[in-house]
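Features reported for this protein in Swiss-Prot:
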ACT_SITE  D205  active site, proton donor
BINDING   H5, E180, M181, E182, S204, D205  purine D-ribonucleoside binding site
BINDING   G21, R25, R44, R88, V89, G90, S91  phosphate binding site
SITE      R218  site 'Important for catalytic activity'
Amino acid sequence: MATPHINAEMGDFADVVLMPGDPLRAKYIAETFLENVRQVNDVRGMLGFTGTYKGRPISVMGHGMGIPSCSIYAKELITDFGAKVLIRVGSCGSVRHDVKLRDVVIGMGACTDSKVNRIRFKDHDFAAIADFDLVRNAVDAAKAKNINVRVGNIFSVELFYTPDPQLFDIMEKYGILGVEMEAAGFYGVAAEYGAKALTICTVSDHIRTHEKLTAEERQTTFNEMIEIALESVLLGDK
């Protein structure tokens, strides 16, 4: 049954959903990588699609920016539309000199300055982590394509324009691979409702050096990340 945010029915979404933040990215993924595509959501312009990749049903759905928006769509996909596996595919910024532009980062764990997981976990710390099998399959898929990936902790910030740049020094000290805005809450939702989740990001900006990918570089690296995500799903079916 449709929700206030998704005008679809049970069965419209596959059990595996790739989730970029930008709904136009969802459209691009569906049109570029999937076959037999049909649109299954357009509420508030948050586009969702279902198709097949090498014969395997897969859906793609935007989630917007930040933990609150991402959490709404992730929760409803799980509880109202039967999603079992959610893979966030997005971009992140680097705070480390050894994590470069175009690197692909797999978020094994996600730190955050958000309180959402403390709210759901009775004010205790919750270790927001990805599903191990999804991490392993993504690493194996990247190796098969000779794409180097970095695996470790990322950081989900509440504020894109942070008033405390010293936080980046602490992130670097603790080995944070990338900074984004969703993964910690995304993992919390998956844990609460019994689904598996993974975040894969490409480094599009370097917070220290102020380097940024060109539009062409961003697209090429984005495609590599999507290929890793899709191939990892096939590995998970074996």
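For all residues, glycine too, the Cβ spot is worked out from N, Cα and C.
Features recorded in Swiss-Prot, as mapped to the structure shown.
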{"residue": "H5", "record": "purine D-ribonucleoside binding site", "Cβ within 10 Å": "17"}
{"residue": "R25", "record": "phosphate binding site", "Cβ within 10 Å": "20"}
{"residue": "R44", "record": "phosphate binding site", "Cβ within 10 Å": "14"}
{"residue": "R88", "record": "phosphate binding site", "Cβ within 10 Å": "25"}
{"residue": "V89", "record": "phosphate binding site", "Cβ within 10 Å": "23"}
{"residue": "G90", "record": "phosphate binding site", "Cβ within 10 Å": "26"}
{"residue": "E180", "record": "purine D-ribonucleoside binding site", "Cβ within 10 Å": "25"}
{"residue": "S204", "record": "purine D-ribonucleoside binding site", "Cβ within 10 Å": "20"}
{"residue": "D205", "record": "active site, proton donor", "Cβ within 10 Å": "18"}
{"residue": "R218", "record": "site 'Important for catalytic activity'", "Cβ within 10 Å": "17"}
Measuring Cα to Cα, how far is E180 (purine D-ribonucleoside binding site) from R88 (phosphate binding site) in Å? 11
Going by Cα-Cα distance, which of the recorded positions (H5, E182, S204, R218) sits nearest to G21 (phosphate binding site)? E182
Listed in sequence order, the recorded positions within 10 angstroms (C-alpha to C-alpha) of S204 (purine D-ribonucleoside binding site) out of R25, R44, R88, V89, S91, R218 are S91, R218
Neighbour count check, CB within 10 A, over binding-site residues S91, M181, E182; minimum at S91
Going by C-alpha positions, which of the binding-site residues (H5, R25, S91, E182) is nearest R218 (site 'Important for catalytic activity')? S91
Measuring CA to CA, name the entry from the recorded positions H5, M181, E182, D205 that ends up nearest R88 (phosphate binding site). E182
G21 (phosphate binding site) has how many other Cβ neighbours within 10 Å of its own Cβ? 20
At the level of the C-alpha atoms, what whole-angstrom distance separates R25 (phosphate binding site) and E182 (purine D-ribonucleoside binding site)? 16
Should any of the binding-site residues H5, M181, E182 have a Cα within 10 Å of the Cα of R44 (phosphate binding site), which are they? H5
Assigned element (helix, strand, coil) containing E180 (purine D-ribonucleoside binding site), judged by DSSP: strand
Taking DSSP three-state, what's H5 (purine D-ribonucleoside binding site) in: helix, strand or coil? coil
